[in-house]
Amino acid sequence: MSYPQAPSKFVNPDEIIPLSPPTKPPFAQYAASPLPATPHTPYSPPSPSRLSETIPLRPYLSLLPRILLTFFSPCLLPMILTIAHLIQNRSSTASLATSLKSSVLSACSGLAKAAASIKTLPRYLAMQTNQEAIRATQASILAIGTMLMDAITIIEAVVNFIVDTYRSLLLCTIELAVRGTLEILISAVQTISDAVTDTLNSVRSNIQDDIGDANDIIQTAVSAINRVTTLVNLNISVPEFSIPALSFLQNVTIPTTFEDGLITLNSSLPTLTDLKKKMDEIIDTPFEALISEINSTRLEMAASFNSSILSVPSLSSLSANSANDLSNDLCSDLDTSLIDDTAKALHKLSSIAIGLMFLLLFLIWAALAVWEWRKWKLMKDTVDAVNEEWDRDGKSDAWRMVAIVEHPVLERYSGTFLGKIAKMPRTRTNLRWFLSYLAHPTCLALLFISLFGFLSIQFQLVALNALKAHAQSSANSTVTASTNSLVTKLNAAALNSSQEYADSYNEAIAGYQDRINNELFGSWVNTTAVTLNSTLVEFYDEVEKALNASFGGTILYNPINTFMYCILGSKITNLEKGLTWISEHAFVDLPTFPSDILLLSNDSMNEIATPIAAAAVGSGDGGDDDDGVVGTLISHFESALKVERTFYGIMLGVWLALFLIGLAVVIWNSGGREKFMALRGVPSSSSPPGYGPPESKHPRWKAWLTNNHPIYDSYAEKQFRGTTPTNCLESYTHADVPNVNNGNDDHEKSFFKMRDSHAAGPFGSHATSAVRSTIASLAAPGQSFLKLSGRKLTDTTTPYDDKVPLAPVQTSEKYSRDHANSPFPRPSSESSESSAAQPFWVDKFYGAFEGVKSFFPTRSQRLGAALARKASQRTEGSFGASQVPTARTPGHDWIGGHQCLPEKKAEPEWSMVDPRMLGRALEDDKGRYPRVLPPSEMAAANYNPHPVYPRPMSRASTLGEGMVIPSTTSHPDPFQDMPPLPPKHKRASMDYVEEYESSHSRSSREDSRHGGVTSPASSSVSYFAAEPQLVSASKVQVGVAQKGGQATRALAEIVKELQEKRERKDPFGDDYERGL
């Protein structure tokens, strides 16, 4: 069977120093010799003086150029551009303030020119006012005359009605009183006469009837008496009274002289028809004359009131002040301080913003310089770690190297964070991709440009809003004072003309007012009131004469006279009082003009001065150009800031879109794809490579990582756990040399392609070494990503996958490593990782839960603490042969275990030492490899027991057994590269969780608990920190070379010596003790 050769390295013969050959695999880390160590001359690299006097340039940037380039970092460029914009806005604001002040003064000058025109306004206003006043006055005179004529006509009708009413009332009253009285008297006289006659006749009849009745009564009584007396025969007779005639009472009457007088008076009463005609003539004559006089007077007065009697201001008064003088008067003390104050406030705001931006620029630059220094340091440590790994292990994943070098800070600090929030390796890998995506220079530049720019502009806008409110309030008060002053000056310019015009107009109106009072109301009062009064007096006199003629000398004269005064006389008296009041109040007052008739009102003047106020603070009507000079000044500054804010906001939105795209990709690859496929009914085989179940045709476990690993020691850990062999070892006549994975597969997720979870443990280093600590911390994410499983996260095979058989063997693990193709199950948590991924937030929850659990001691830590408390310091004797990490044969690892093993030829063994001890003289006389003695000889040699590391519940890598190392006859030259063996330890794998940190701290605690001396096969980071007193050798099989190849002479002697040791009895076994 042929073995592929590793690519040969070019070795310059001039650089080879005798006795110090370059390190060659596989003997760089493995050596075996029974002889004492041979002193070596330390190999020293050429001193810098041999190379060159000057340090040449490298194909990469060192620290100083990187710090120099931070001045133009994408984080600083937006701030520099923002500062430039602020400086430009500040200069443009100052120039705009000067321009706006000029515009306000120009507006005031224009108003002054308009005010000069306003001074000419009173003449033209007076002319127009005169025309309207003449028209109104003429109409008023005519209307007053017409009103007076109508009033007089109405009064005439009313007087006639009143006079006729009282005349008719008087006549009717006389008819009612006199004729009624007379009729009553005549009727009474006749009734009395008839009553007297009837009464006397009735008396006569009654007397006669009474005498007749008396006679009858007497006769009746006598008759009754006689009937009684007839008994005695006695009759009484009484004589009757005679009835008188009484004829003188029958024709008695009253004399008719009085009655005849009353009848004559009733027929002789007057009708007052002549009085009515006379009164109508007396009333109508004066009223008709008054109406005619008023009509002629009103027409003459209306015609005489024209424009000739009203004056107007002359144009000569305008030459006193020119327009320029008026402009100086109006605009000389115009307050424009509000513009200056606003400009100064904006300038101060810009200066403060620029200063803060410069300060922030310096702070960010300092932070970037520190960041670049830290990044450079981490990058150097990473490069050193990668070089060391590559020198020891060969090439690995170059793309992983790119990720580490691009983002060394993320590699250093993201492991703990991602390990706490994500439980599954796939989720951690996706989140690591997301962080790299966000940390890309383009994405970072976009974020910093948009964020810094947006925040700086927004802070300025907030300060500008407060400044705008203060400027507006100050501008309003200033403009109000300026407007009041301007209105006062404009009114003072037109006050004289208005006063002259008002005086001339009022004089003309006063003359016509006198004419109206004297000619219209005077004639009416003098004529109508006096005439009417005399008419009423004459009317009353005529009525009294008629009553005197009719009732004079009678008993009715006084009642009738009193009644007439009550009915008519009192009314005439009240009418005379009314006429007297009219005479006293019959005049008119025509309205006159005030002295400011030609001046504009305050509202009008404010309206004229509004343009200046609008130019200063805006009109306030909500238009586009109503902000005024102050608003324009602030709006100019604000608009520039808003344009920049919009630009930065768009850039921030683009970054958010990129953020969401990256987040969607992470969610899709963290379980979203599986859910989508499940919803569509797609089989699970459509899962991404490396995350689905293992396929049988491509084994996922490397054969050389299992039972036939050349460095695989499961002895001590099996004995500590108390397990027994589950199967018998089989003899293998050959073993393949493990290959070096060059990492060409694009689907590989790990930086170092670990073929075994034991080999993926963190490599020990000195605790005081910052470089080694950094290397280990950078390598920790890869270790955690593989979860110490040793699986390759891809289904593609390497050139050796199909050539190396899989065989179940005993290991230090509790379960078989052949999970894919072995009948032995592996019910560990790692097998669940190949199932369908949990959702991202579920993983995040479990990750947080695991992070909390990490603060508490683990089970292994508690057990170790219990061992430290309850047991003394363990030695080789206390642990027994099964706990001593010494060289053992497979057949003697277990008591009785060799009975189930097939017989096979004993094979030699050889020791593995630390490669760092090469070329170092050992202090012990026993040499590099002390011989293992029986207990009796150890006691005789003053052997002191020493503490060893029992590795409780350890998951660290151990040395396997059972794989044959073939001899390589194809490389007779010892200086030529040999096919490499897999290293005993893998240094700090690169992944993103805290497994390395926890294992590092746990190993440190265990080392301190056990004295600091551990097995070289353990994962303790402090192994090389102390010189062990006993170097235990792990067993490997050094078999016969394949295809008849011959090993070197030195190798043959080593094999022979190891074979002799193998044939010895176990000095720590029961058989050996019985033999003693």
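Cβ atoms are placed via backbone N, Cα and C, with glycine included.
Annotated topological domain 'Extracellular' per Swiss-Prot: 1-66 (among others), in sequence order, evidence recorded as similarity to another entry.
According to Swiss-Prot, the feature region 'Disordered' maps to 1-31 (among others).
Listed as Cβ neighbours of the transmembrane segment (67-87) (distance under 8 Å, sequence separation of 6 or more from its ends, same chain) are residues 61, 350, 353-354, 357-358, 360-361, 364-365, 368-369, 372-373, 441, 444-445, 448-450, 452-453, 456-457, 460, 640, 644, 648. Here Swiss-Prot flags 67-87 (among others) as transmembrane segment, drawing on sequence analysis.
Among the features that Swiss-Prot reports, topological domain 'Cytoplasmic' is placed at 88-138 (among others).
What Swiss-Prot lists as transmembrane segment is 139-159 (among others), and the listing cites sequence analysis.
Under the heading topological domain 'Extracellular', Swiss-Prot lists 160-350 (among others).
The N-linked glycosylation site annotation in Swiss-Prot covers Asn235 (among others). When Cβ atoms from all protein chains are considered, those within 10 Å of Asn235 (N-linked glycosylation site) total 12, not counting its own.
Marked as N-linked glycosylation site by Swiss-Prot on the basis of sequence analysis: Asn251 (among others).
According to Swiss-Prot, the N-linked glycosylation site annotation covers Asn266 (among others).
Sequence-distant contacts (6 or more apart, same chain, Cβ under 8 Å) of Asn295 (N-linked glycosylation site) comprise Gly145, Met149. Asn295 (N-linked glycosylation site) falls within a helix when secondary structure is assigned with DSSP. Look at Swiss-Prot and you will find Asn295 (among others) tagged as N-linked glycosylation site.
Asn306 (N-linked glycosylation site): 12 other CB atoms within 10 A of its CB, across all protein chains. If you look up Swiss-Prot, you'll see Asn306 (among others) marked as N-linked glycosylation site, on the strength of sequence analysis.
Within its own chain, the transmembrane segment (351-371) has Cβ neighbours under 8 Å at 67, 70-71, 73, 75-76, 79-80, 82-83, 86-87, 90, 409, 452, 456, 459-460, 463, counting only residues six or more beyond its boundaries. If you look up Swiss-Prot, you'll see 351-371 (among others) marked as transmembrane segment, on the strength of sequence analysis.
As annotated by Swiss-Prot, topological domain 'Cytoplasmic' applies to 372-432 (among others), with the evidence given as similarity to another entry.
Here Swiss-Prot flags 433-455 (among others) as transmembrane segment.
Per Swiss-Prot, topological domain 'Extracellular' is recorded for 456-646 (among others).
The N-linked glycosylation site feature in Swiss-Prot is assigned to Asn476 (among others); the stated evidence is sequence analysis.
Within its own chain, the transmembrane segment (139-159) is flanked in space by residues 283-284, 287-288, 290-291, 294-295, 297-299, 301-302, 305, 512, 516, 520-521, 524, 528, 532, 535, 588, 590, which lie at least six positions past its ends and keep a Cβ under 8 Å from the stretch. In this structure, the CA atom of Asn235 (N-linked glycosylation site) is 83 Å away from the CA atom of Asn548 (N-linked glycosylation site). Of all the glycosylation sites in the list Asn496, Asn533, Asn548, the shortest Cα-Cα distance to Asn306 (N-linked glycosylation site) is found for Asn496. Non-local neighbours of the transmembrane segment (433-455) in the same chain are 74-75, 77-79, 81-82, 360, 403, 406-407, 410, 414, 644-645, 647-649, 651-652, 654-655, 658-659, 662-663, 665-666; each lies 6+ residues outside the stretch with a CB under 8 Å from one of its CB atoms. Model confidence over the topological domain 'Extracellular' (1-66) is summarised by a mean pLDDT of 52. Listed as Cβ neighbours of the transmembrane segment (647-667) (distance under 8 Å, sequence separation of 6 or more from its ends, same chain) are residues 78, 430-431, 433-434, 437-438, 443, 446-447, 449-451, 453-454, 457, 840. When the alpha carbons of Asn548 (N-linked glycosylation site) and Asn533 (N-linked glycosylation site) are compared, the span between them is 23 angstrom. When the glycosylation sites Asn533, Asn548 are compared by the number of other C-beta atoms lying within 10 angstroms of their own C-beta, Asn548 comes out lowest. A Cα-Cα distance of 52 Å separates Asn496 (N-linked glycosylation site) from Asn533 (N-linked glycosylation site). In the three-state DSSP classification, Asn235 (N-linked glycosylation site) falls within coil.
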